[in-house]
Every structure is written in structure tokens, then in C-alpha cells.
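Peer 1: I'd like to ask some things about the structure below.
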Amino acid sequence: MKIAIAGTGYVGLVTGVCLSEIGHDVTCMDTNQQRMDTLQKGIPPIYEPGLEELLRKNMAQGRLYFTVDPKQAYSNADMIMIAVGTPENEDGSADLTYVEQAAETIARHIQKDVVVVTKSTVPVGTNEKIKQMIERIKPANVHVEVASNPEFLREGSAIYDTFHGDRIVIGTENDKAAEVLEELYRPLGIPIVKTDIRSAEMIKYASNAFLATKISFINEIANICEKVGANIDDVAYGIGLDERIGLRFLQAGIGYGGSCFPKDTKALVQLAGNVQHQFELLEAVIKVNNYQQSLLVQKAKKFFGSLYGKRAALLGLSFKPNTDDVREAASLVIARQLLQEGASVIAYDPIAVPNARRLLGSMIDYTEQIETALVRADMAFIATEWDMIKTLPLQQYCDLMNNPVIFDGRNCYSLNEVQSYPITYISIGRKEIIQKESVDLNC
Ligand SMILES: NC(=O)c1ccc[n+]([C@@H]2O[C@H](COP(=O)([O-])OP(=O)(O)OC[C@H]3O[C@@H](n4cnc5c(N)ncnc54)[C@H](O)[C@@H]3O)[C@@H](O)[C@H]2O)c1
Ligand SMILES: O=c1ccn([C@@H]2O[C@H](COP(=O)(O)OP(=O)(O)O[C@H]3O[C@H](CO)[C@@H](O)[C@H](O)[C@H]3O)[C@@H](O)[C@H]2O)c(=O)[nH]1
């Protein structure tokens with residue numbers, strides 16, 4: 001099949017690369033010239049495990065192209081996928097500017113019958129608007145079907161998820177469009193849910209809202225565990241073994257970040273509000289998450305009294321491991337709060353430093369060496385559970401820091417392990433380990 005993709009970010013690029021890998025002829029179109037110049041050289045503009053290899057392979061085999069020219073991308077396509085960003089407006093609703101621009105450009109350049117598929121996360125009713133918009137502009141002799149096909153991949157495992165997802169959701173108005181999409185995805189062997197367009201759009205928001213709810217729920221339980229002397233790791237395991245609850249997505253910490261949960265939860269609250277339904281549960285989920293993201297600095301203030309003049313090592317900048325994405329990352333909240341408290345910050349991340357620098361500028365220092373961040377630090381904040389952070393021997397904190405005080409937002413170390421070192425260790429939903437004389441101790 002000849003497929004064009006509008007928007008070559010995390011979703012568009014990964015989808016394009018994976019569809020070319022299963023034999024389709026894919027042209028990715030983006031309005032960002034610099035991004036496409038980089039891609040034409042075979043260099044991915046984002047970090048995603050396994051992406052570069054598949055990108056180069058399929059470009060070399062002549063199945064994957066990149067262009068900023070909409071005519072080249074859209075005029076001959078059998079299917080066009082919209083994968084542009086849907087960021088949040090100031091009121092939390094989804095900003096559909098890029099989707100509308102993409103739909104308009106598609107309508108102006110199509111020359112043959114085509115199925116337009118929306119992969120971007122869009123509020124219920126958007127695909128109908130896309131259809132109306134395209135119908136208004138397209139050539140009269142061209143027939144267009146519109147389908148909703150929301151994306152469920154996770155950053156950091158996007159290629160794996162595309163080939164091994166739990167389900168593929170296809171929302172259409174008629175069987176013909178559904179059949180084309182089923183044929184596209186059949187080789188992946190992933191269960192397909194066929195439904196109407198509005199339900200498909202809702203499935204995406206409801207999925208993200210439910211996952212975010214699980215995280216805020218376990219974080220609230222963690223906050224109570226701290227007060228009653230229970231251990232959240234054991235509690236999460238104990239409840240998660242009940243198959244109705246499940247073990248996944250019960251990792252307590254400093255809340256969810258990323259380009260999806262924060263904006264999609266707010267967009268669903270807005271969507272509900274538009275039909276006079278106050279989504280109180282989801283409002284609480286968002287409130288808990290905001291609180292959670294600022295929890296570590298609150299804990300540090302409680303421990304030290306004042307953070308003024310202290311040197312902080314911030315370990316991990318990306319919103320989760322294995323990605324360079326820092327959108328809505330808890331690390332950004334922590335960095336800004338530490339600066340407000342008068343501390344200086346040196347941040348470590350193996351790959352997200354350039355993206356973080358774009359947002360935080362020179363307000364903090366950066367390093368790609370974890371040891372450099374820890375040298376002479378008064379306190380270390382673990383914001384992302386990268387492998388190199390999780391497996392850093394505790395002795396290193398002792399050797400490099402002034403006096404090792406760790407605020408662990410991802411519960412990377414077991415309490416038993418920490419107890420054998422003269423380290424003050426304050427994590428989430430677990431007992432605090434305080435070295436009263438840590439100031440005078442040599443590890
Ligand atoms: N990132 C994820 O993990 C993920 C997962 C599932 C769904 N989604 C959803 O998918 C959509 C895309 O997310 P993303 O993270 O890939 O976005 P992104 O910001 O990484 O990429 C969006 C791309 O679209 C391009 N673009 C903007 N307007 C365009 C236009 N008119 N024509 C062509 N290109 C245009 C931008 O230049 C950019 O390269 C969003 O709706 C998001 O909510 C994202
Ligand atoms: O038990 C958990 C699981 C996750 N998180 C945090 O939640 C955020 C999101 O994590 P994850 O869901 O793994 O990453 P995303 O790439 O944001 O993927 C989510 O958002 C995508 C965009 O909509 C969807 O496609 C995916 O299905 C959905 O998992 C991160 O900050 C994690 O640290 C926790 O705090 N505890």
C-alpha cells in the first residue's frame with residue numbers, strides 16, 4: 001500500500017518506519033524542514049530504541065521517504081495518516097490547529113480516492129470535523145473515507161509496542177474503510193477492536209485517564225503508607241497479585257509526566273465539561289499528580305530546613321527512562337523549585353540534556369556523567385529510573401557527595417540495601433532512613 005504520514009514526531013516517525021518494515025511504501029511529510037533534512041540523512045531527530053537501525057534499513061531498501069512537499073506525499077497515496085501534535089490550550093482543551101492544518105493541506109493535494117486515518121489523540125467529534133473540512137476543499141471526483149485509529153505506543157518502547165501492542169482500535173463509518181485498515185494491520189497479529197469513530201476517539205482518552213488514575217491512586221496510598229508506617233512496594237505487590245487489579249502501573253513515585261497523560265487527562269476533563277459533566281474523579285487524579293511532582297523538594301525542605309546555598313544533583317531529566325523527551329517531566333518541576341529555594345542544580349541525563357537545556361537554559365548546569373553531578377553535592381534527587389541511575393553503586397554516593405542525602409522519587413534502591421551504608425535516604429511511601437550523624441561520617 002502507498003501510505004503517507006502527516007507529522008514525523010514520536011508517533012508519525014515510528015509508525016512510518018514500522019509500516020515500511022512490513023513492506024509498505026511510506027512517505028513521511030512534516031512542515032519542519034530541519035527535521036526532514038536530518039531524516040533524509042538517515043538520522044532520527046528523536047531517541048527511540050531500535051529506531052535508527054530500522055530507519056536506515058528501510059530507506060536503503062527504497063520503501064521510506066521524507067519530504068516537506070505535500071504534493072509528493074499526498075497526491076498518490078492510498079492511505080494518509082495524521083500524526084501531528086495535539087498540545088493543550090491554556091484551558092486544558094486539545095489544540096487542534098495542527099490537525100486542521102494537516103487536513104486542509106491533505107484536501108488540497110489529494111488526486112485519487114484515499115482513506116484518511118487519524119492517529120493523533122483528538123477529542124470526540126474531531127474526525128467528523130476533519131471529514132467535513134476535507135469534503136469542502138477536495139476535488140469533486142475524489143472519494144475520501146475518514147477513520148479513527150488512535151495510537152497506544154509508549155515512548156522508550158515505541159517500536160516494540162507497534163509490533164506487539166495489546167490491541168489496535170479502528171473506528172469507521174463503514175465497512176470499506178475498516179477493511180482497508182484491517183488489511184494493513186493483519187500481518188502484526190494484534191487483536192483488532194472495530195467500532196464507530198466516536199467510540200474509538202473515546203477509547204484513547206479513557207485508556208490514558210484510567211492509567212493516570214492508577215498512578216495517582218497508588219501515589220495516594222504511598223502518601224498514606226508514609227504516615228502509618230507501611231511500605232508501598234509491599235502494598236503494591238500485595239494488591240497487584242489480584243488479577244483484577246494487576247501488577248502493572250502501580251509504581252509509586254513523583255507522578256506521571258510526558259507528552260500524553262498530563263494533556264490528555266486535562267482534555268478529557270474539558271471534553272466532559274463541554275457536555276455538562278464534571279469529571280470529579282479525573283480532576284482529583286490531576287490534583288494528586290501536581291502535588292506528587294513537588295513532593296521531593298518538600299521532603300528536602302523538611303529535612304534540611306533551608307535549601308539556600310546547597311548544591312543539588314538532579315539525576316534524570318527525561319519523563320521516563322529510554323527516551324529523550326522531557327515534556328511535562330517531574331525533573332523540570334524539581335529543578336525550578338530548587339532554584340526558587342536558592343539551591344544550585346547540576347543535572348545528569350544520558351540523552352535528554354539537549355532537550356532539557358532548551359527549556360531550562362543556563363539556569364542549571366548539565367552533565368552526561370553521573371559522577372560529575374554527584375561530586376561535592378549536598379543532596380541528590382532521583383527523578384528518572386534510568387538503568388545507569390538504578391544500578392549506580394551506593395558507595396559512589398558516599399565517595400562523591402559531601403554527605404550523602406538521597407531523595408529518591410522512583411524508589412530505585414531497596415531499603416535493606418541502603419541500610420548498610422551511612423546514607424540518608426528518603427523515598428516515596430517507605431520508611432525514611434536518616435543518618436543523624438551523617439554530617440560527621442566518612443563512608
Ligand atoms: N508521543 C507519544 O508517545 C504518543 C503516543 C500515542 C499518541 N500520541 C498522540 O499522537 C500525536 C502526535 O504526538 P507526537 O508525540 O508524535 O508529536 P510530536 O510533537 O513529536 O510530533 C508532531 C510533528 O508534527 C509536525 N507537524 C505539525 N503540523 C504539521 C502539518 N500540518 N503537517 C505535517 N506535519 C506537521 C511537527 O513539525 C512535528 O514534527 C498527538 O496527538 C499525541 O497526543 C503520542
Ligand atoms: O507505574 C507507573 C507507570 C508510569 N508512571 C509514570 O507515568 C508516565 C507515563 O509513562 P508511560 O505510560 O510508560 O509512558 P508514555 O510514553 O507517556 O505512554 C502513555 O501515553 C501514550 C500517549 O498517549 C500512550 O500511547 C501509552 O499507551 C501510555 O502508556 C511516566 O512519567 C512514568 O514515570 C508511574 O509513575 N508509575
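Backbone N, Cα and C define each Cβ position, glycine as well.
Features from TrEMBL:
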type     : residues                                                               : note
BINDING  : D30, R35, T86, T121, E155, K263, R327                                  : NAD(+) binding site
BINDING  : F152, L153, R154, E155, K204, F249, L250, Q251, A252, G253, G257, K320 : substrate binding site
ACT_SITE : C260                                                                   : active site, nucleophile
DOMAIN   : 313-415                                                                : domain 'UDP-glucose/GDP-mannose dehydrogenase C-terminal'
Peer 1: What binding-site residues in T86, A252, R327 place CB under 6 Å from ligand 2?
Peer 2: none
Peer 1: Across the record's substrate-binding residues F152, L153, R154, E155, K204, F249, L250, Q251, A252, G253, G257, K320, the largest CA-CA distance in angstrom?
Peer 2: 24
Peer 1: So among R154, K204, L250, A252, G257, all listed as binding-site residues, which is physically nearest to D30 (NAD(+) binding site)? Use the C-alpha atoms.
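Peer 2: Comparing Cα positions, the closest of these binding-site residues turns out to be R154.
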Peer 1: Please list the binding-site residues from T121, A252, G257, R327 whose Cβ falls under 6 Å of any atom in ligand 1.
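Peer 2: Checking each Cβ against ligand 1, the ones under 6 Å are T121.
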Peer 1: Restricting to the chain of R327 (NAD(+) binding site) and a gap of 6 or more, list residues whose Cβ falls under 8 Å of its Cβ, or answer none.
Peer 2: G257, G258, S259, F319
Peer 1: How many other Cβ atoms sit within 10 Å of the Cβ of G257 (substrate binding site)?
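Peer 2: Around the Cβ of G257 (substrate binding site), 24 other Cβ atoms lie within 10 Å.
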Peer 1: Just checking the recorded positions R154, K204, L250, C260: which sit within 10 A of T121 (NAD(+) binding site), CA to CA?
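Peer 2: Taking R154, K204, L250, C260 one by one, the ones whose Cα falls within 10 Å of T121 (NAD(+) binding site) are K204, C260.
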Peer 1: Under DSSP, is T86 (NAD(+) binding site) helix, strand or coil?
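Peer 2: T86 (NAD(+) binding site) sits in coil per DSSP, no helix or strand.
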Peer 1: In whole Å, how far is C260 (active site, nucleophile) from K204 (substrate binding site) when you measure between their Cα atoms?
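Peer 2: Given the Cα positions, K204 (substrate binding site) is 11 Å from C260 (active site, nucleophile).
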Peer 1: Please report the DSSP secondary structure of A252 (substrate binding site), reduced to three states.
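Peer 2: Assignment for A252 (substrate binding site) reads coil.
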